[in-house]
Each structure stands twice: as C-alpha cells, then as structure tokens.
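*Asks:* One structure coming up, written as structure tokens, with questions to follow.
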Amino acid sequence: MIIGVPKEIKNNENRVAMTPAGVVHLINAGHTVQIEKGAGLGSNFADAEYKEAGAELIDSAASVWENADMIMKVKEPLSSEYKYFRKGLILFTYLHLAAAPELTKALVDSEVTAIAYETITVNGTLPLLTPMSEVAGRMATQIGAQYLEKSEGGKGILLGGIPGVSRGKVTVIGGGVVGTHAAKIALGLGAEVTIIDLNPVRLRQLDDIFGSSIQTLMSNPYNIAEAVKDSDLVIGSVLIPGRKAPKLVTDEMIQSMQPGSVLVDVAIDQGGNFETVDHPTTHDEPIYVKHDVLHYAVANIPGAVPRTATVGLTNVTVPYAVQIASKGAVKAIQDNPAILTGVNVMNGKVTYEAVAADLGYDFVSPEDAIKDAELV
C-alpha cells in the first residue's frame, strides 16, 4: 500500500503525521511511504532524514493525495483539501466530526473510509488521543499562566504566589487525561487547584493521585459556578468521545469572574465547554475578550510544541497504520475491534453513533457498511 503524508496546512500546525522512524516501520512491513517535501520541517525533521529512512519525497500535496491508498494526517482536512477525497481512499487522522458538519458531508459524499484517531478505543481508553491530551493538558496551564500576566491583558497573578501573598486559583473542569496533566503543572507552579468531575470513582482516583494537595468536587451547576467565580484560571477539558462537548460553564458564570481572569478551552475541537466560546481561535490570534475575561480556544494546542507532540503521536498511530496498510481497511476493521471503533465514515455512511446523533445522520454500523458495499 502507498501511504501518503501531506504537509499540515492548519494555522500554525507544525506537527507531521510521520517521523522517519515511522517510515522505517512501514517500509519494513512492505509498504511505500510518500512524504510531501517540507512536511516535517516544523517538527525539525529534514527531508534528508525521510529520504534516508526510505520515503519518497513528493513535490506537491496534490500528488501525495492522488498517489496514496491511505493518507495519514494530524489534523482534520480543511475545505481546500476536500477536492482530493475519493472513493477507496483511507483517511487516518484526527477528525472531530461532531463539530465539523461540512467535513462530514464531504467524507460521506465522496465515500472515503475515514478512521479517526480520537475514537479508537481499547479497554475504555483512547490510546491515540492520550499523548496529545497529555501535551494539551500540560500546555493549558502554561498558557493560562502566561495570559494572567498584566502585559498579556490578564489580572497580574503569579499562580504560585510568593511568601506572604496568596496563590492563584486554578479550576480544572474534567478529571480525565487533559485535566490530570493540567492539574499536575498547576500544582508544580504552586497554584491552589480544584478538579471537578462527574464520576465519583474518578474523583477518588484523583484523590489517591494527588492526596490533599488538590480539592475535588462533584460536577454540578452549583459547584461549577462557585469554583469558577473565585478562579483566576479555568481549564475546560470535558470530552465525550465522538460527541459535541457539553457547555458546562455558562455565560452567567463567566460574568461572575474578576476582570483579567483566563479561560482555556481544551475541548474546543469538539465545540468547547464554555458557553462564551463560540468559535476556535488560532495560534496567530489565540485570545479574545468577553465579559472582561480572556478566552483562549486554540484547537491545536500541541501544534505549539511539534517535536514532542509528533513523536508522541506517531509512537501510537504507526502500529495501527501498519495493520490497516497490511490487511486493507476492511480486513483490519474486521480483525481489530479497536480499529472498528475508529471508523467514523465508510462507504458513504456515518458509522460512529455519536457523530450520527449530533449531526442528524442515520447511523450505520461499520459491519453493515461493509456488507452494503459488498452487495453493490
């Protein structure tokens, strides 16, 4: 199989879907890897490194898309890339379709087989989402601390305080991978940290991890409102796999915050956790202000640390890519339940139930989509 890796074109997205090490892995499995020239430069991987690993360097993105049996990316295709979609193409990338109706329609209409990193599930975990969630969580606190500086428009708070001066208050909504790593960095900076989650079992786990160094609260409107009101930094990190993110922090809650406070919405890929966040921002223009509160809603936070993020991502994606390339999409889906859970669109059908529910499509299971195609 020919695996194509185009350069990412989303604003300031410097990650790349394949490292030279990943190229070697796929070539050793008997496949061809074509990389668009310059695709790895943002992550400090030179074209020469890919060539030495055995990849073919391709001059244009169009040729990469046209030649490939499977395209591997980091972020979802943008509208300028929809023209490359075609029946029989496998697309393996982050998709976040519940928040992307136009992309979903393009995938359905073109009959691409779209396998989403973020919904591949193993024993209740999301192994292809985890490394980027770790990066995004750690970055979220760093970013929030930066924008609390007065020069950035913040309220002039040092999260760790100093002797005789109170510490900054950080509230993390969602105690999953993102939230846990955000809390770790906030604690490391010396902040006063609260984690809010809906799952009492998870709250007990967090208490075991952090002990008495953090406060845990059950998620409900009252607790969220009280915590948000007193916070300097609020990080939204609640994700429901494949679905739109819940708007847990209301406009009224945000109006109760002090001017210069900061919100970081890590869930913006799926629509965001804050009612006042109605659009993603970019690394070029990361902040907007509403109710005198700074809103950071960049959808590709790990793109700011591309070397770390790229290596972490490809460590987990390439083994699945080898299976898909070696067996073909249908056989890989049939043989591996994890890959099955990643299939969001196939043969013109929406095959991930949460996406179908959010966007108003009829849900067709991947197994039935395969059968329907075989009957044609």
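Glycine is no exception: its Cβ is also placed from the backbone N, Cα and C atoms.
Annotation comment: Swiss-Prot describes His96, Asp269 as active site, proton donor/acceptor. According to Swiss-Prot, the substrate binding site annotation covers Arg15, Lys75, on the basis of similarity to another entry. If you look up Swiss-Prot, you'll see Ser133, 177-178, Asp197, Ser219, 238-239, 266-269, 298-301 marked as NAD(+) binding site, on the strength of similarity to another entry.
I'm curious about the neighbourhood of these features; can you describe it?
*Replies:* Sequence-distant contacts of His96 (active site, proton donor/acceptor), defined by Cβ-Cβ distance under 8 angstroms and a gap of at least six in the same chain, are Glu76, Ala116, Glu118, Asp269, Gln270.
Cβ neighbour count for Asp269 (active site, proton donor/acceptor) (all protein chains, 10 Å cutoff from its Cβ): 27.
Arg15 (substrate binding site): 29 other CB atoms within 10 A of its CB, across all protein chains. A coil conformation is recorded for Arg15 (substrate binding site) in the three-state DSSP classification, outside any helix or strand.
The Cβ of Ser133 (NAD(+) binding site) has Leu126, Gly176, Val177, Val178, His181 as same-chain neighbours under 8 Å, each 6 or more residues away in sequence.
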*Asks:* Considering Cα atoms only, can you say which of Ser219, Leu239, Ala267 is the nearest neighbour of Arg15 (substrate binding site) among these binding-site residues?
*Replies:* Ala267
*Asks:* Reported as an integer number of Å, what is the Cα distance between Ala299 (NAD(+) binding site) and Lys75 (substrate binding site)?
*Replies:* 10
